[in-house]
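Here's what Swiss-Prot has on this protein:
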- Gly75, Thr78: Na(+) binding site (BINDING)
- 4-24: transmembrane segment (TRANSMEM)
- 36-56: transmembrane segment (TRANSMEM)
- 63-83: transmembrane segment (TRANSMEM)
- 100-120: transmembrane segment (TRANSMEM)
Amino acid sequence: MEKYLVIAVGGSIGAILRYLTGVYSAKFFGTWLPYGTLIVNVVGSFILSFFMILFLEKLSLDPLWRLFVAVGFCGSYTTLSSITYETLSIVMDGDYVRALLNIALNFGLSFLSAFAGIVLARML
């Protein structure tokens, strides 16, 4: 039961932060691209990689922390379904360049962010 509670708490925090990121990124950056999804995926990729390296290689923590961060928080904070839906919406508007840019930015920057998280965690 403890595992489920840890996942639920992490998931609740991730979901709320995801919502707030979407709201405030639209206000700050506009809506030309789905910036909120881009931000949560790039930041979430970094967080997941960084903390998994810390948990697996550097720190001796209760495995519940991995569930909290990886399954709970990052599981609700990041999303592939939003990228898919938002990109298809852009395609349906006929803006193929913007759709490709959205895909490239989400996957390219998320990959680089995850790599940076691993490198930074290993430097600690």
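For all residues, glycine too, the Cβ spot is worked out from N, Cα and C.
Across 4-24, 36-56, 63-83, the stretch most heavily in contact with the transmembrane segment (100-120), judged by Cβ pairs under 8 Å, is 36-56. The Cβ neighbour count for Gly75 (Na(+) binding site), using a 10 Å radius and every protein chain shown, is 18.
A simple way to gauge crowding: the CB of Thr78 (Na(+) binding site) has 22 other CB atoms within 10 angstroms, across all the protein chains here.
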